[in-house]
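Student: Below are the structure tokens for one structure; questions will follow.
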């Protein structure tokens, strides 16, 4: 089982080399729909794998396509809404992810044959084919690529559905702002590290997500190590995601992204350690502490997703998100190996996850807050924000100090 989990998360890690670049180059919509199609097809084929080599190959493909589809969908959801509504897609996607955990536990309980289970869990994905005809592209991405006609069609359709009055002057202004900087430029992963502050923020966000993933998947995959029923433990740990995400929807706008991540990841790490030190015979105490710990880790994880999306400009947003996500998969890859340490001393994996989480929480305080800030569009806007706010540095003299403003396109009122 540890080998299978490692193979799956290796696929997620490998997705870094294509998904982010493809999404920022060709759009969120085609990457999501193509990835979900590959995921469904590889999942169905997985059920008929004749040997371990074929199984592992298909499982790597599943891991890579799963990560690509999720990140493209998440990025698109965040880019489709305005400043005050970003918590809705961010937390909503996470809630359905938690519901999927619960459903998966019941499916696994009822369908004990793994081949039949693979078919039962992946076949419904065929329904996503219907999305091809009405799934919109990100307006922000279209504007960043200079594809104004397509963006205008979507903007007008959204305005019509929302029964909002849309002046042509407003549309023309969106197209004009920053047009020269945004048209057709293709970026690579080098842009994430071109300057010291870009390297610093990318490294901090990626490392925090790595530790968070290690704790999240460690608690999830170690459901059996908590004692009691494997299926019940897995379902309860999945259910723990939901109240955490509902709470996050409140905390992120009340206290900001950074403070929410800092408090929840540190408290979650503490409860993780506590759940490991409780005797296995006290199952309900153990599962309660583990569920609370996972709820807090999930809360920090969902806010971290949102925080990373808000921290990068549109032209490299998915690239930055996919890079940080892929680095986090290293944490998920080594998690099954850390679980093996529990054979020597049961609390050891919990102590490792909790201690690292607590120590890592402080790093988030070095990154600029994004609460109530419009999503950045260009690399220039990103550099200005980093120069002004990264590590609490004082602002340098930028154009806005001379009366010129840095443009941030906000379509929230459409």
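Glycine residues also receive a Cβ, built from the backbone N, Cα and C atoms like all the rest.
Heads up, TrEMBL stuff is auto-annotated, nobody curated it.
Since the structure is predicted, the reported quantities are computational estimates derived from the model, not experimental observations.
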Student: Could you check which of 148-167, 168-187, 348-367 is flagged in TrEMBL as transmembrane segment?
Tutor: 348-367
Student: If you look at how TrEMBL annotates this chain, which of 284-308, 384-408 comes out as transmembrane segment?
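Tutor: From TrEMBL, the annotated transmembrane segment range turns out to be 284-308.
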Student: For the record in TrEMBL, which of the ranges 55-76, 231-252 is the transmembrane segment one?
Tutor: 231-252
Student: Check the transmembrane segment (348-367) against the transmembrane segment (261-278) for contact, please; criterion is three or more CB pairs under 8 Å, pairs 6 or more apart in sequence.
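Tutor: Yes; at least 3 Cβ pairs under 8 Å.
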Student: Which value does the mean pLDDT take for the domain 'Major facilitator superfamily (MFS) profile' (1-372) in this predicted structure?
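Tutor: That region's mean pLDDT is 83.
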Student: When each of 6-23, 200-219, 231-252 is checked against the transmembrane segment (261-278) for Cβ pairs under 8 Å, which one has the most?
Tutor: 200-219
Student: Cβ under 8 Å to the transmembrane segment (88-111), counting only same-chain residues 6 or more beyond its ends: which ones?
Tutor: 73-74, 77-78, 80-81, 117, 120-121, 220, 231-232, 234-235, 237-242, 245-246, 248-249, 298, 301-303, 305-306, 309
